[in-house]
Structure formats: C-alpha cells, structure tokens
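A.B. asks: I have a structure I would like to understand better, so I am pasting it below and will then ask my questions one at a time.
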Amino acid sequence: MTIRFAAATIHTTGEDVDDRSVSSQTDSDYAEEDNNFEDWVSDQAQNQSCRSLFEDKAFPSAAAARAHDKDVHNFELRTISAKLELDLHQRIRLINFIRKHASTSEDIGNLTGAETFFSSDEYLIPQIEDDPLLQLEMDDWSDDEDLSSTNQRPTPPADLPSALRQMQLLERKLAQAHQDMAEYRSLVGQQFDAGRFAEIINEPSSSSAGPSPRDDDTHYFSSYCENDIHAVMIQDKVRTSTYASFILTNPILFRDAVVLDVGCGTGILSLFAAKSGAKHVYAVDASDIAEKAEQIVKENGLENVITVIRGKVEEISLPDDVEHVDIIISEWMGYALLYESMLDSVLQARDRFLKPERGVMAPSQCRIMFGLCEGSEILKERVGFWSDVYGFDLSIMANNVYEDAIVDVVGPESMASEPYLLKDLHLKDVTSRQLDFTSQFTLVSTTPKRTKIHAFVLYFDTFFTTTGEPVPPEVPVKVTKEGDVTLAEVWPVGGKAPPQRRASTGPGLKQKEDRRVTSFSTGPCSQPTHWKQTIFLLRDPIHAEDGTIVTGSFYCKKSATNSRELDVEIHYSVRQNAETTAVGETVVQIYKVR
C-alpha cells in the first residue's frame, strides 16, 4: 500500500519511539441458573488426598497441601493468582506447569504472567490424574476479595435491595464458574480422557469450547526439523566462522564456564563451547532437531559436557544446582534481524538464567542499517519479468510485490547512499517492548549522476565482546571477503586440518580478550550470508543525484496476525540538496516481512 500526503516537514529528532498498545476489557452478562456450589464438587473431591506442588509428599486434602506449601515454601496459590491476574484456565496451566517441570517457589515468584505456557493447551492436561488442586471450589479461585479473601460468609444484607443485589452477584459468579469449567473440560477432552474428570465434577460431559488460541509457534518450530535449513546455516561461512572465531579464540572467557545455547539446532555452537573449555553446556531447542543434537553430542563423546534439553526456553528448568549461567550463546537473528521474533525468547533466557553482574551475551550487540538502493535488477526480476511472458501480459502478478519485503542479495554497486543506523540493540539490557520501534532517518544520495532509486535496503551488523559492553560507534564492523583468514582457519579445505595455535595463559591475555571485538556484516559490501538483505521496493522511484536528501520515519512492529512476522511502514520525503528548502510530498509505503 502507498499513501501520499501534501509536502510537509518530517519530524527528524532521531529518537526511537516505543510502540505501545492499550487493551481494553468489556463486561459480559451471563444467564442466571438455579444452581448452588454443591453441584460443582463432590465430597469425594474435597476430601481426596493431594500432593504438594513442590515436594513428593501427599496430604489428606487440597487445603492441607496448600497450607503446607504456604508454611514451608512461602507459596500461596491465591496470592500468585491475584498478583498475575490469572483467570481459571491460566491458574490450571500454572498448577500443571509446576508439576511437570518441578519448579521451585522462587521460580514461580519470578513469573510475570506473560510466559507462553499461560496460553498453551499443553498445560491444560492434568499432570496428576484427578488432581484435587484442579477441582477446588470456585470460591477458592475467586478474584473478588469480598467473596474469597476470607473463609467467613458475607455479612447478611440489611435490607431487601441489598439482598437482591448480593443474590444477583452470586448468580452471575456461579454462571461464570459453570462456563469456565465447561470450557476447560472441553479443551482437556480434546487430548485427554475426560470421563473420570466429568464424574468428579458431576456435570454433563459435552460443552462447546471457545475459539482456540492462535498458534504462532507450531509451524515455526517444525520448520527447523529438516536437514536443509541447518545445512544452509552451517554452510554460511560468515555466520559460522565468526561464531567459531569468537568462541575458540577467547579461552579465558569459556574455560570452566557454564554456557546456555538457546535454539541450539544441531548443537554446533555447543560443540564449539565445549571445545573451548566450557565446564558444562546446556543446549536448548523446542523442535525435533533436539533429538539429532543429542545423538551428535554422543557421537562426538561430549555427553558429559553438553546436556540437550528439549523444550521452549521460557518453560524449561535447569538442574537444581544450576542457578545461573556465565554465558548465553544463540544464533537468533532472522531476516531484517527481527523476523521470527526469536530474540524475545533469548531475552527471557537472559532474565531467567544469566548471571546479573558478569554474565555475557553472545552476540552482545546488533545494529540495523538502512540505505538507498538503486535496485534496477531486482525491479526487473520481480516486476518487469511479468510484463512479457511468451508474448502475454501477466503484469497483474507483480501487484503484490510492493507489499512484501524482498529477501535477496544486492551488490555493493547498487548502494546509493551511506548506510544509516536505524536501531542499535545492546543485548545486555534491551527489552522485548523495545523491539517494536520507530526511528527517524536521513539518507544522502551518493550517486555520481542522476539516477532512479527503486528501493530502500536494510541489513544488520553483529558484534561479540567478552565483556558484553557496547561497542563504541567509531569501531567499524568487519566486512568479510572470500578467502579471509577467519574463513580459512575454521573452514579447512581439502581435508586439511586448520592451523593450531598454542594455548596461552599469560597475564596479558585477559586484557587482550577484553579489548577484542569480533563482528560480521550482512550488508552488500560483505560476502553474502544466508540472511541476504531485506529490500523494500518503491512503487514510484526517487529521482536522485549526488546530494539528494531523503528523510523520513521507519516504523517496525510485530504483526498483529502472526507475532513472528513484522509489519513495516516507511514514511519519506525528498529534498533535492542541502541548499534547497522545498520538501516534496510525504510518501507512505506499508510492507510485510514474512
């Protein structure tokens, strides 16, 4: 989509503006039913033996188990549910999550309510058959303090209107409770035999379930099960050799370190870390590739150093004796850097597991770069091709080309400006909320003669440091060329072993490591990577010459329909040169990165 506005001055403060969304809730009325709480739970369920959430110890009732957890573990279900504002389904998921992963009360105390398991149907399946904690009377689950904050009955109403209001409130709560339990039973019934559960609840076993929550993850994780995608990534010499170089040439950092590899895939980064002297590596992946990674670890005789964990990093637990890790390594970058939204998972891993003081993120920093691109070859391949196909006009096929970002390689000669820094991400302290952003830009054409600019181009530069501190702006990124030493050392050719360096432990090595910056670029001037570049074709080209100025705003946020895709808006206007005060109309183009 392209939108045009009359000529106006574009705000160019250069500051990022976080994109915030505000959600609202509406109240719903529920049909009144002539029921009471005795219809909900039988005496059998109330008096059934119940296991503690945090110990393998049984108690005569759910109330006794909850009292034990409160006294011994300082954990109260009602308190954490109120703190996180959990509904019935989320509370059930929390109980099943604790039981499945043997979480500690400290782990649960650190939850924010935004964890993915709170919306996963996997955790609607009881971990213990007939778990009494899942069958509590509804007043135990109530969010209303006037009805649930005390075991005492409400004060009797003083007059008839008060009595009617209180009765209506209780009837609405009862109807809501019936609906919640029916929806829960229906969801569990899809994957679990709900017969015994229905007997305890003493309710009809059939009910209509609400709409299933959107699933942005299944296809994403299944796409990483096949060999081809891992071959492409590992054969990306710029990518793999830079990771190898950072890990293998910083022995002091990795020696005796506990390392977490987020999204380990085949486990190649974990193997590098083990080779560099790591004390232990926890390799985590939620896709089926984790099974092959485990076999790879055994084949290489490193099962005592590397532990593969299958699951989402937001939900897994490390062994009880491992509270924090020293280093998190991950190759999380996607097209346009943020496509696939894997960085959100890495940041959650950082907040859960990385040592607060001296922990290191690898990579430690990424910069999103933006520029003008002549782009005539891309235009010819993606648009011009359709205008004459064996003598037929198929140009309608090119209509949507301008709505989707194109991932392709453009050469250095196609760049028509110096790159502009759109967003600088410091992995040590960036938050997920800051990944939706707005940045202003100013691009100055460097074309020696009048040229048509058909596209904007975006790429990213990645930096690794042993301290995790930001790289100064004046430090350039390494632009890798075919045949560079880095490639030759970690990518031996013809079966020859790579050159071996004698290990050094001299007093100055730590200082050298601290000053060393390892980096790579995915830009047009570097050897192409599997990320290529992200190209935003313009419906109407910019007519530029040396000194033409293009100013505007770049908006980026997660897609509302799929959180792993990106929605991008580019607003721009053109000024012919620095001396000209007249600014052209503002053009807005909207794109999907998917």
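Including glycine, each Cβ sits where the backbone N, Cα and C put it.
TrEMBL: automatically predicted annotations, no manual curation.
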A.B. asks: Quick check on the annotations: TrEMBL lists coiled coil for one of 48-75, 76-103, 160-187. Which range is it?
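C.D. replies: That would be 160-187, the stretch labelled coiled coil in TrEMBL.
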A.B. asks: Where, among 82-126, 373-467, 516-575, do we find the most CB pairs under 8 A to the domain 'Methyltransferase' (259-356)?
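C.D. replies: Looking at each of 82-126, 373-467, 516-575 in turn, the most contacts to the domain 'Methyltransferase' (259-356) are made by 373-467.
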A.B. asks: Based on DSSP, tally up the residues of the domain 'Protein arginine N-methyltransferase 3-like C2H2 zinc finger' (82-126) by helix, strand and coil.
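C.D. replies: Summed over the domain 'Protein arginine N-methyltransferase 3-like C2H2 zinc finger' (82-126), the classes give 30 helix, 0 strand, 15 coil.
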A.B. asks: What average pLDDT does the predicted model assign to the domain 'Methyltransferase' (259-356)?
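C.D. replies: Summarising the domain 'Methyltransferase' (259-356) by its mean pLDDT gives 97.
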